[in-house]
């Protein structure tokens, strides 16, 4: 923990407290002990010490909450996490709204809290929407009071009471004879109870708000009178008509009145939270909360489209998806088409029912499964679109045509005129359809639409997005068990309208439509069904899972908080200390979002050494909360009070703010929630803000986590939350915090010390100096002095409109100039995307805005809102070998990677999965073993080059490079039981039979009796057999079942029962026989082309319970289960299943031996040159994937191999260098060809007397640098290691095993250390045979690995996809996606050329977060009621176009160079554009020149005049200089220039906004540079910037830096 002192931040005494004591909870004065106490224990300790102060109210609440928890436990229940949060709010008497899904316990919470408060003598009122709910709630409460002997009077009124009962209940209500009252909202409308309530719980706000006066009634129930309600409504009206200042004045008066009223607590609960009208805002004015209607944007729907539009397609998808669908017919086809579709489906045996406003029958039958599909018209207020909420039943939706609006074109034009939105008169009478289309596009600014003519009138058709969202949302609902998955299939009837729908879905909901053939429907249906099963099973158990957790997310700005909250619907809002706190439900998190308002603390001014306490060689910053009065910042309380006093004496308005209030808000919410997310910006400043928040929230909540996102989009927020759930949360980086601390202290020390000197000299106490601003001021002065120097300048106008100018001393009297012209084709690459400095430079020039304005605009815009080909094999942590595409899609997390410290292969974690559309050249690298790797040019591989291991990009790999290859390493592989293999392969339609003595079956039988309601349970119990799929579903341990199961078989007539067999070496050897030369047809497995009797004998031994027979040249065995296992393992077709390589080594080796015995070969080949035989060991296949996977595995157990191809057949050849290892590990499992191997082995060994070497290492150049003591080489000779021969041999290779021995005798050196690391490591090397560039258009994939940042790809070590953020031009994969989607939406896919602009350790560039151009942004802003200025639009347009251009192909131009000999100058530009490329989006910054075809040009005009030697700087040019010279940071560029302007050191010229130093600025600079050059020089400033960076990287001790800075400051005299 970093030592810091926070003034006035002790939660108890409001005194100063250290960061260490904040971790304990209170300061030393309050409690001497240093133990961390539980909250109630802390209260007890403070009471004992008699120091309990500010925490007293919290202690009361904590104690009451404990009481409530115990009360609920005594009733026999446990509070859910979310209920605990609600309880704490009620106990604080804070009113609020609950917007959560049905079933998470909100109604029951209302009951529990009412009983608890009633027990304490308080009066409670539960308001429900229906009589049924009133009855059920009354029965529940009555049952609880009776069972637990609670003396609580409960009264319930409802319409089903008898006349006598109604009279009695009304009398009791009239006489206040109750503690808890329960009625419908309808009762409240007609009968207003007279007494005041302490707690009112409204369950279902929609029913309450049917009568808007009920809002007033609820407020009166709480103790507010008519007068105060009317005053509150007056404020609402003033705000509505724009009289904000008047409203604020009245609000201040109202707040004082409310503070004197002891009112009750109101909870408004709803699953939808729809609220209408102005009166509902009374809750905001009087109770500090607003009702939200969250979850309408919460959807997990796969949006699919099919361009085949027909009834037949509806039938096809219903048959595929099954029961539980809705068919929505586009409104323009009407009910008649819906009836036609109903009839068609019924005729095809689909149980379908049409639902519409006049016929709503069918809902219950659909719920019960008697109807499979409902049909309705896609209308926003249709009964199916809005009235259906069956998450357990509705699985998918089919849209027959795109939901659309039909608008009469004439009426639409007239309505625009009436609203004043159409300035010119538009007449469509007598126009052709083509002309009308042009009017709609150009005048009405509608891009995607359809035009129809009905009854001589044109209809405009545009997509009805809200209806689509609402209707498709029926398939994905938030429930107590989480958000369900749904599918939506749109049958496209109008392509133009569909394009508009796609855009809207992308912009508004960040959802991308997928073409039907891009979706794995089998997986989708499986996930949909899993979610429904979860609801079914969960509700059957009758217990609400504790899924919904409450989390406080703290961001920096209120804008950002609001934007994030609005991603998920209209949030509920609470006002705490006059600040908005937003609340939304996002799946299983109840997210509460608030803002810190940026930095909360700053250094004090009047304590320590300029705000730093120095003691015991420590430098401890003393912080206090930032205070502002009318925008002016203070840290000293006395200064603040003095200013307020002065303003009040002058009668001026005082707008005061203390950032401490933000911490108090955070602390209050922290006490309520389960956890806190620190979501400040991920940079140095954001890290310090986050650290301050975290440390000050600690006394109230210890579950604090860091989350981060580099763009404000729904996708990014959900991704950050998902990362946290997976355990990938970030932590606050203390090094960054230390960097910020030092930067601020240094700025304070130098600023205060030098500023005081300036005050003394110039007698102006507003002057300031700083280490960065002073050099920058110097540049502006230096430029100004140069500008004053005048030089002669000649400007010529030549024929053909050629202009040229040059500094020219002499007269120029020529009438003609000689020219040389070159014209050639030239590719012009786009500029990279903007960084902070380039944006400031460009935007200041273009728009004349200040850097400060542009930074502010960019911030507000922000707040709104390397890879491999898919066939690359990656080795997983359990040994499985799968394609990277499958790994990314399945998000497999455990992979093998290389620990670079000791070169050992270890299990690591994939933390990010990348899938990117790529169109460009790939590097195809072919290795000497003929394995191949295809990668994007920047994908890095581990290469031995220049005697070092280096990461080299694929584009820079050369022939004869050596790439690191994992070799002979250990993997923890595990056996798999038969039943678990069946589960893995999804072969679950098999029956398991148990004998009479089975104890496990008794457990199964008990489960069946208790949980299975259908008659099939008797069949299971009677026959003692159960389908495997149910045993899996019921979560029984399959390994335990396998121990006692008697038989297994398929429920097909004639299928033989077989005993459960072991998947041991014998089974996997058999599998190898089939892999080599077998075939599978139905249940029969045939093995051919081998000694048949031998095979038959092997099968007899492996499967003694099955008959096998010889037929022709084949041995046949039949069993449907074994046949399906082999089929799904890929033994004959498809992919060889990667699970094989997760089995124990002996099993895989037996499989490979079986393969050799059917389709392998052992033969001796005579080498005439060496006069010796080589042993050829080879496997063959037409399937490359089989041999590649086996080869990768063989390398892992130390067997070298190469891959060859001849015609269509592949061969895997085992290297003779690995003969001994092959004999030891594979050959012992051979049966049929064992003798052939042994004979070959004996011959080879006899002729090759030297000991076999497993592998050779290409390290001779490093080896040659070793030194040996005298006599040691002789010792090695005795061991038959002649290293002198190694020096002579031409090869670079050295035998690994011999090198190990040699290294024991070598002298110690870095070279020895390097070689020892390699020989003892888990790698060898493979030579690069060939490198090619190949075109590619498709997806590429990558992984981000947590620790080692590499993985095994196609048998070599491959670097992962790293992703860091800083100010740079780097484009992330998300950025590339935005560009790709924009170009695709605008039919510019051919222009795409993704570029990463890679920068090591870099942040991302400035870019848009949505594929939305400026016109679309304006439309988006209108629809979402977001107001931005024209300058915002300009800056966005600039950023957008520059970014999209950076991801497009080069422009190709006919380039012209005109060399003017007489002036020795060139004019350059383009004559013609051959291919526009990126210039289609962004300006081509080249002159357009005429084609010149002669050798001289006439001078038409000439001028010789005096001009300034250099132009003055503008703000953008100064920013560029700061970047180039390493002064300042992106976040401070604009601030530095603003400070120079504010201090009066610099002014801007009126005409061109150029920077001009003032007399004061020049004098201040001269004084500083003459007296303190060592402190404010450019070099010293740059040096300090580098030191700060080192602190942030953990390379330098920040205390030592502060010590040095302190000494430097003390030198100022």
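Cβ atoms are placed via backbone N, Cα and C, with glycine included.
According to Swiss-Prot, the Zn(2+) binding site annotation covers 10, 13, 27, 30. Cβ neighbour count for residue 13 (Zn(2+) binding site) (all protein chains, 10 Å cutoff from its Cβ): 19. Secondary structure from DSSP puts residue 13 (Zn(2+) binding site) in coil.
In sequence order, 556, 689 are the residues near residue 681 (Mg(2+) binding site), counting only same-chain partners six or more apart with C-beta under 8 A. The annotation Mg(2+) binding site is assigned in Swiss-Prot to 556, 681.
The annotation domain 'Helicase ATP-binding' is assigned in Swiss-Prot to 87-291 on the grounds of sequence analysis.
What Swiss-Prot records for 310-525 is domain 'Helicase C-terminal'.
Residues or ranges marked as domain 'Toprim' by Swiss-Prot on the basis of sequence analysis: 550-712.
Positions annotated as domain 'DOD-type homing endonuclease' by Swiss-Prot: 1070-1199.
Averaged across the region 'Topoisomerase I' (546-1613), pLDDT in this predicted model comes to 87. The annotation region 'Topoisomerase I' is assigned in Swiss-Prot to 546-1613.
The motif 'DEAD box' annotation in Swiss-Prot covers 203-206 and is backed by sequence analysis.
Listed in chain order, the residues near the Zn(2+) site other than 10, 13, 27, 30 are 11, 12, 14, 15, 17, 21, 26, 28, 29, 31, 51, 53, each with its Cβ within 8 Å of the site Cβ centroid. When each of the binding-site residues 10, 27, 30 is scored by how many other Cβ atoms sit within 10 Å of its Cβ, 27 comes out lowest.
The 10 Å shell around the Cβ of residue 556 (Mg(2+) binding site) contains 22 further Cβ atoms across the protein chains shown. Taken through DSSP, the motif 'DEAD box' (203-206) splits into 2 helix, 1 strand, 1 coil.
Annotation note: residue 681 (Mg(2+) binding site) sits in a coil segment as assigned by DSSP.
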